[in-house]
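**Q** Take this structure first; my questions come after.
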Amino acid sequence: MSVRVRIAPSPTGDPHVGTAYMALFNMIFARHYNGTFILRIEDTDRARSRPEYEENIYSALKWANIQWDEGPDIGGAYGPYRQSERFDIYKQYAEELLSKGKAYKCFCTAAELDEMRELSAKQGGRQGYDRRCRHLTPDEIIEREQAELSYVIRLKVPLNGECVYEDAIKKRMTFPWADIDDQVLLKSDGFPTYHLANVVDDYLMKISHVIRGDEWMSSTPKHILLYESFGWTPPTFLHMPLLLGKDGKKLSKRKNPTSIFFYRDSGYLSEAFINFLTLMGYSMTGDQEIYSLDDIIREFDYKRIGVSGAIFDVQKLDWVNQQYLIKNIPVEQLWDRIKEWSFNDEFMQRLMPLCHSRIKTFGDFMDLFNFLFINHLHYNDAIFVVKDLSKEQICYLIQSLIWRLDELENWNGTGVNQASREIAEIFGVNHKKIVMPILFASLMSKTQGPPLFDSVNLLGKDRTRARLLKAMEYLGGISNKKMASLKKAWQEKSGQPLMIKD
């Protein structure tokens, strides 16, 4: 059997380090076994999927030296490789499940589903759909169809017994069917859910091994049931440990920079980055920690993949990157790599208009723009003295701005400017005297500097967000009680009471 593996990211935001992590191990697995690595785009979320996000996935993975053999951008024998181009296929297979009696039409309205959830929560019973449409008679189904009621197609999950399967990493896994909901497979608008599209695509693309994060383990019984319902042989499942933050919880952008672009723009070597990611979920033989990708591929053994979550430790990444710089980048190549990182012509041409009328001598250049070329700003209390606001109140403004910036569809200086003005209005403070000084301090560690929102364009979304988080950390953050008040104020878009001294 030929080895075929895949990753299937969704183009709904910035490329996550978890995407690179899974892509890396899929690629290593394929290369070690002389197989094929496929990139598939799961773009069925119409509200959030965007072509530019898809392009970002390609750019981020290519920066990390992750290469695929089939995909939307390069084609292949099993395309199309975007789920949005395969809707007719999913509908066909959903209808097949209906005809086999393995699925059923559910006509319940959103209001009825909400009522079910509320009732089960009050009674402390089984959470999820109560399966009322599963027992409709043929005549009742025809009656609802003739009334042109909308419906979804649900998977008919066994009411008792267990799903037992062998995971290549986690070993034998057992899930009672009573704990598994009758999963929606096809929504009322004809769009498939992840579960149907995932299984159909993996089968048609002849995927032999599914290598993914262990957050998908609870969904695997549904996928195995789908394979059995179609009469197909399931692939081998390998569930990888998740990347965790220092707090031991799933890596989250609320506390850590999670975009691949953040690490690229911060000056990490792509070779060191993938070496570091490999160490997160895998142990090489011996005590060496610096390996080339070729070494990892040659010696790879999936049995050495860890079972428990791995801590994404940026200090360890710094160490790995430094070792790569010392051992793998000759002195005569160092300046070329630094220029490639941030002193490249494209970046400097964007910077020069800001610089041209603001320096008296060339010696002023780095003093004015040093914040663009360093990763770790050094804050002090003096730069955060803003009128009579407390440190916690400054954090309210910063956190709310982060939430607002996360909502921006297009990141640019104009959008950030407008977002910051909205925050000033919500909290009833002066934009120029309060919000802008906080941004200068957070993003540049200065009380003033070059044009703020032009500078934000140069910093980019990921580094801007990371610096706002770091500023909050320096200021002491927000207590849990106050965070609850802030969330309420944010939802109501009225933060003035939080800015009034007790």
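Using the three backbone atoms N, Cα and C, a Cβ is placed for every residue, glycine included.
The following feature annotations were taken from Swiss-Prot:
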type	residues	note
MOTIF	9-19	motif ''HIGH' region'
BINDING	Cys106, Cys108, Cys133, His135	Zn(2+) binding site
MOTIF	250-254	motif ''KMSKS' region'
BINDING	Lys253	ATP binding site
**Q** Taking only the Cα atoms, work out how far Cys133 (Zn(2+) binding site) lies from the residue listed as 'ATP binding site', in Å, as a whole number.
**A** 40
**Q** Taking 8 Å from the centroid of the Cβ atoms of Cys106, Cys108, Cys133, His135 as the cut-off, which other residues in that chain fall inside it around the Zn(2+) site?
**A** Tyr104, Lys105, Phe107, Tyr129, Arg131, Arg132, Arg134, Leu136, Arg154
**Q** Please classify the secondary structure at Cys106 (Zn(2+) binding site) using three-state DSSP.
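**A** It is in a strand.
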**Q** Of the residues in the motif ''KMSKS' region' (250-254), how many are helix, strand and coil by DSSP?
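**A** The motif ''KMSKS' region' (250-254) comes out at 0 helix, 1 strand, 4 coil.
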**Q** If we skip the immediate neighbours and take only residues 6+ beyond the ends of the motif ''KMSKS' region' (250-254), which ones have a Cβ under 8 Å from one of its Cβ atoms?
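**A** Distal contacts: 17-18, 215, 242-244, 309, 312, 465.
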**Q** Give me the Cα-Cα distance between His135 (Zn(2+) binding site) and Lys253 (ATP binding site), rounded to a whole Å.
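**A** That comes out at 43 Å between the alpha carbons.
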**Q** Mind tallying the motif ''HIGH' region' (9-19) by DSSP state, helix then strand then coil?
**A** 3 helix, 1 strand, 7 coil
**Q** Just going by other Cβ atoms within 10 Å, which of the binding-site residues Cys106, Cys108, Cys133 has the emptiest spot?
**A** Cys108
**Q** For each of His135, Lys253, count the other CB atoms within 10 A of its CB; which of these binding-site residues has the top count?
**A** Lys253
**Q** Across the motif ''KMSKS' region' (250-254), what does the pLDDT come to on average, as a whole number?
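**A** Within the motif ''KMSKS' region' (250-254), the model's average pLDDT equals 77.
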**Q** Measuring Cα to Cα, how many angstrom lie between Lys253 (ATP binding site) and Cys108 (Zn(2+) binding site)?
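**A** Between the Cα atoms of Lys253 (ATP binding site) and Cys108 (Zn(2+) binding site), the distance comes to 36 Å.
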